[in-house]
Amino acid sequence: METAINIGFACSLLRQGMKQICITEMNSDTVAKDAKQAVKENILMQLTNASQMVKLEKDPHAAFALIIDGKTLTYTLEDDMKHQFLALAVDCASVICCRVSPKQKALVTRLVKEGTGKTTLAIGDGANDVGMIQEADIGVGISGVEGMQAVMASDFSISQFRFLEKLLVVHGHWCYKRIAQMICYFFYKNIAFGLTLFYFEAFTAFSGQSVYDDWYMLLFNVILTSLPVISLGVFEQDVSSEVCLQFPALYQQGPKNLFFDWYRILGWMGNGLYSSLIILFLNIIILYDQAFRAEGQTADMAAVGTTMFSCIICAVNCQIALTMSHFTWIQHLFVWGSIATWYLFLLLYGMISPIYSGNAYQILVEALGPAPLYWCTILLVTVSCNLPYLAHISFQRCFNPMDHHIIQEIKYYKKDVEDQQMWRRERSKARQETKIGLTVRVDAKIRQLRGKLNKKNATLTFHSCIAPPS
């Protein structure tokens, strides 16, 4: 157990000031039934006393570490004791299980996964870790001298343990935001598109008349809005990898589920509901009795449906452009190319014989393109659909900014990233949420930055003491 504690300090899992709780089996040379019962009662008493000590701790920032060996773990994983062991382990900042068997590793992982309902991550580098890796929700295998068994059983593999920091802090943060934003945007764009069909049916007394051409609805999710979503899920970066490592508290946005809670999901659904109302009724109001063609004719059903669909394509693609924080030429190509693809399709579709294109024959060249009302409607509807999101994000950045908003502004305006107040804020957040691990690295960087700031202040003081030449 002493070796495990020393390793815990070496890898920053333990630190000075943490209160250690060691659960050990009492010495018993006999294997009688009464002796085993006495051992279980002793372990249960240790768990009870430790739980009471944690609950009675008055310091809210106090951190506890639980250390337990394999022999003791055999008893604590039994049905009559495992829930109390889990409750104590959850209350501790660090838990170290030393000299455990492969089966015990898997059982501990299963206990945490089923008992807490949380997503579990297991990391291993040998064949004895395969069961634990397979039992966890996410398994990370490390290739090394012990073979490739852990790598073959894992979801992610790395070559060295030191790469785990970048896997979690950088790629974990990026992937969480990408997936959360991508799913929320899927809700938004399909609600904005689908509800216009329902509204139009209600507006026409459920006559069964479709406002869109069949090819429009077929291409909406397949081609016209699919590539921007893929680019959002693959290339999006709210901050760079260097910033993720500089500000590890950004990783806490994932465990806190800040970007995929019900508030955000319902907000995106409400945004889609608002956009669908704007798209339908603004088009109906504008095109209902206004001269659309050069001869003074009003817009027919094909022109109204195509104009509405054009508004949807422009609105949802501009929305995803506002959502992105990191642009590459690929994202520009996918977002603006999707809008260009829509007009290219209209041009080619209108050139086909009316037998196949129906009312869409030459609709872009003869009806929509020459009509200023068409372009004005698209501009007005697109701006109206994206204005609430733009106002919301502007208000949030000004009055209630999140961590990545502040860091983005610091990097964009090239402010001093060694600002003492910013690091003090980062330090307090890291201690409050993590208490271990990355906090040690943050503290070390804070000490380095303090040294640099003190050196700068000393230099400025020295120069100010030198009198200027007369």
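Easy rule for this one: first residue shown is 1, then count along the chain.
Each Cβ is built from the backbone N, Cα and C atoms, and glycine gets one as well.
Curation plays no part in TrEMBL annotations; they are all automatic predictions.
Quick look at what TrEMBL lists:
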BINDING   R99, K105, N128, D129  ATP binding site
BINDING   D125, D129  Mg(2+) binding site
DOMAIN    151-401  domain 'P-type ATPase C-terminal'
TRANSMEM  185-203  transmembrane segment
TRANSMEM  215-235  transmembrane segment
TRANSMEM  265-288  transmembrane segment
TRANSMEM  300-322  transmembrane segment
TRANSMEM  334-352  transmembrane segment
TRANSMEM  373-391  transmembrane segment
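Summary of the ATP site environment: with the site residues R99, K105, N128, D129 set aside, the chain residues having Cβ atoms within 8 Å of the Cβ mean position are V100, S101, P102, Q104, G124, G126, M132. Across the fold, the C-alpha of K105 (ATP binding site) and the C-alpha of D125 (Mg(2+) binding site) stand 13 Å from each other. Each of 185-203, 215-235, 265-288, 373-391 was scored by its Cβ pairs under 8 Å to the transmembrane segment (334-352), and the highest score goes to 215-235. Only sequence-distant pairs (6 or more apart) were considered; of these, fewer than three Cβ pairs between the transmembrane segment (215-235) and the transmembrane segment (373-391) are under 8 A, so the stretches are not in contact.
Taking every pair among R99, K105, N128, D129, the residues recorded as binding ATP, the greatest CA to CA distance is 13 Å. Separation of the C-alpha atoms of R99 (ATP binding site) and D125 (Mg(2+) binding site): 16 Å, rounded to the nearest whole number. Neighbour list (D129 (ATP binding site), Cβ cut-off 8 Å, at least 6 residues apart, same chain): P102, K105, A122, I123, G141, A150.
Under 8 Å, Cβ to Cβ, and six or more positions away along its own chain, D125 (Mg(2+) binding site) finds G141, I142, S143, G144, E146, A150, F161.
Non-local neighbourhood of N128 (ATP binding site): S101, P102, K105, each in the same chain, at least six residues away, with C-beta under 8 Å from its C-beta. Residue density at K105 (ATP binding site): 23 other Cβ atoms are found within 10 A of its Cβ, drawing on all protein chains shown. Mean per-residue pLDDT, taken over the domain 'P-type ATPase C-terminal' (151-401), amounts to 91.
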